[in-house]
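Here is what TrEMBL says about this protein:
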- 1-14: compositional bias 'Polar residues' (COMPBIAS)
- 1-28: region 'Disordered' (REGION)
- 15-28: compositional bias 'Basic and acidic residues' (COMPBIAS)
- 47-76: transmembrane segment (TRANSMEM)
- 48-639: domain 'Major facilitator superfamily (MFS) profile' (DOMAIN)
- 112-134: transmembrane segment (TRANSMEM)
- 140-162: transmembrane segment (TRANSMEM)
- 174-193: transmembrane segment (TRANSMEM)
- 205-224: transmembrane segment (TRANSMEM)
- 352-383: region 'Disordered' (REGION)
- 366-383: compositional bias 'Low complexity' (COMPBIAS)
- 452-474: transmembrane segment (TRANSMEM)
- 494-512: transmembrane segment (TRANSMEM)
- 524-545: transmembrane segment (TRANSMEM)
- 551-573: transmembrane segment (TRANSMEM)
- 585-605: transmembrane segment (TRANSMEM)
- 617-634: transmembrane segment (TRANSMEM)
Amino acid sequence: MQNQTSSRFGNDNMSSRETKTLKAKDSVTSHETPVHTYMVVPPDGGWGWVVVAASFCCNLVVDGIIYSFGMFLGVISDSFGESKAKVSLVGSLLSGFYLMEGPFVSALANRWGFRTVSIVGSILGALSFVISSFSTSVEMLYITYGVMGGIGFGLIYVPAVITTGFYFERWRALATGIAVCGSGIGTFIFAPFSTFLIESVGWRGALLVQAGLILNCAVFGAMFRPLAPVKVKISNENEQAEIVKEKDNEKSETEKLPLLLRIKLARDSLQAESMQNLDHEIEITAAEDVMDENHHHKVNNNIKYPTAIEVIAASTKNLRDMKESCQSLYDSNHHLKSVSASERKLNIMELKNDSRANGLTKPRPRAMSSSSTRSRRNTGASGVRPLYRDDIFFGASLSKLPQYSSQVSSLNYTLSVTRLPTYNDVMEEQTQSCKLCPEAVKRTLKTMLDMSLLSSPSFLILCLSGFITMMGFYVPFMYIKERAVLSGMSSKQAMLLVSVIGITNTVGRVVCGLVTSIPGANSLLINNVALTICGLSTIFSNVSSHPAYQFGYAGVFGLSISCFASLRSIVIVDLVGLTKLTNAFGLLLLFQGVAAAIGSPLAGVFMDMTGNYDTSFYLSGGMILISGLMCYPLNSIKRWEQSKAKSQMPLMKSNNSDS
């Protein structure tokens, strides 16, 4: 080998640069270097169960207060001498705003985390109730109780709902089911508790007590501890992921590098003079890399951002291509081929251009190498965003998703549903820059409020159905006690009607979760049948004022309406797919929030006009029934959409080929 080298290069000893080059080449060709990176992996237990308990308590307080506002309706109306329809707008604004601001709260939680957002919401909610206790008019309650309280409750509610999905995958259905049961239990508890407070300390004192309970949500929110990233090894051959267990004292150069900051591949440092332009790191840093040459996004919505598994597959392929290109510069005896420097440089530049064209590489600025490394080490989990998971709003068992069952492991599934942050997103967090609308917030809002999804007829019908459902949803909660009292039932007995709705709602959520876990269960059909039953029972709830009949109606209403809340995310995924779940959920929250804000006051207007609540319940039941009937043909409409899209594909291809 020594003689061969001498004859090739004209000397007996290789230079130190050539020695380094051969060593680097050997490192390239001797084995496949695995990809090591850091990412957030749901633990499916441990502290996650503490998060579930905290989420349960937040839902208990927030929904318990919202659904029991009907207990305050009569006393506030008498206190200010206003109609009940006008006072009902106070509670409607509270429920409407806490739903409408869902996309905006999600965006804030995506940038600053569940813990910070929920604590701020608890403080704001408590403050709004304290101010409301000193209100001098119903109009003031609109602002303090309705708007401010609704914003505060939304800041608590959204983190409490989606944080369980960030901590759980295998046990997500169970964890989410336990957490949302706090809503029904809260309704069951707060209806008699609020009545007791009103009778003991008046409605103003009751609001002060509730303010103290809301402030406790700051303690529960503090339990939403951020997840620490773990080290993951990706095989270059099949992109299969596995968690690497490290010793505490092991500190590698890339130890602090999280997946959503950069996916760092092996760095092949060929130091030959003609190959210095290859000195760079293969990094995935941004959604900027999925833009065309005119800086326009290739596709709309969340799909424009690549998933981690897509990036890893492309990156490992690029690494293998780079190795093959490097191998072409050597002969079988590990010596540089006698090709010109310009030819070697041309080969390297072609590879480099191909990598950049595929959005796989970014050159590393030499002047920033040391400082940027320190910055990356200090940022920990920079770029880890919960709203960058496609399934963050999916509250059912993941086994229902083909994306989950098709993966070789749950870790690979996590990679397949996790989308990468943009370059600006990561740099804003690293540099601690202060912006009015950071990239993480802006991207989430664009995703959740992308109106292009409304061009789908099936989803548009689903949104309209949700809007109509929420128009009638809160009417029984608001007026069932007042109607029972007018019919001759005692106030203490009538108060328990809301509690019955709460407890049967809890039972309904559990039963609905069990039924939908059965293979082949049609979630859309279950939802439609439940809404139909709910609407019919509400329409016929006026048949008798007997306490047994009214308690029976309350039980049926609570059981049937629970399916609407439980199956929402499943129905969305069945209609539009998992990749559009975040977008669809954001739009649906907007529709439902607006409807919740106007439904109960509208029913109250009919009560003032007729002098009884019969028309109000007819209106409520009719809207819920119509919303259920609207959804029966959704599967047929979806199939029509798919067939129409398939028929248009050949035409689009023909037009593209002609152009």
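Backbone N, Cα and C define each Cβ position, glycine as well.
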Q: State the residues, same chain only, that lie 6 or more residues beyond the ends of the transmembrane segment (617-634) and have a CB under 8 A from a CB inside it; answer 'none' if no residue qualifies.
A: 458, 461-462, 464-466, 468-469, 471-473, 475-476, 479, 483, 524, 527-532, 534-542, 575, 599, 602-603, 606
Q: Using a Cβ cut-off of under 8 Å, list the residues of the same chain at least 6 residues beyond the transmembrane segment (112-134) that approach it.
A: 58, 105, 140-141, 144-145, 148-149, 151-160, 162-163, 166, 204-205, 207-208, 210-212, 214-218, 220-226, 386
Q) Excluding the flanking five residues on each side, which residues at least 6 beyond the ends of the transmembrane segment (585-605) place their CB within less than 8 Å of a CB in that stretch? A) 83-86, 88-89, 91-93, 95-103, 106, 393, 447-451, 453-454, 462-464, 466-475, 478-479, 568-569, 572, 616-617, 619-620, 623
Q. Sequence-remote contacts (6 or more beyond its ends) of the transmembrane segment (524-545), Cβ cut-off under 8 Å?
A. 469, 472, 475-476, 484, 487-489, 512, 515-516, 553, 556-557, 560-564, 567, 571, 574-575, 614, 617-618, 620-629, 631-632, 634-635
Q.
Can you tell me which recorded stretch out of 47-76, 140-162, 205-224, 452-474, 494-512 has the most Cβ pairs within less than 8 Å of the transmembrane segment (174-193)?
A. 47-76
Q: Give residue numbers and ranges for long-range contacts of the transmembrane segment (452-474): same chain, 6 or more residues beyond its ends, CB-CB under 8 A.
A: 91-92, 95, 99, 300-301, 531, 535, 538, 561, 564, 568, 571-572, 575-576, 580, 583-584, 587-588, 591-596, 598-600, 602-603, 619-624, 626-628, 630-631, 634, 637-638, 641
Q | Positions whose Cβ lies under 8 angstroms from the transmembrane segment (47-76), at least six residues beyond its ends | A | 82, 84, 87-88, 90-91, 94-95, 98, 118, 138, 141, 153, 156-157, 159-161, 163-164, 167-168, 175, 178-183, 185-187, 189-191, 193-195, 198, 202-203, 206, 210, 213-214, 216-217, 220-221, 223-225, 477-482, 485, 495, 498, 501-502
Q: Take the transmembrane segment (494-512) and find every residue of the same chain, 6 or more past its ends, with a Cβ under 8 Å from one of its Cβ atoms.
A: 64, 67-68, 70-71, 177, 180-181, 183-189, 191-192, 195, 476-477, 480-482, 484-485, 526, 530, 550-551, 554-563, 565-567
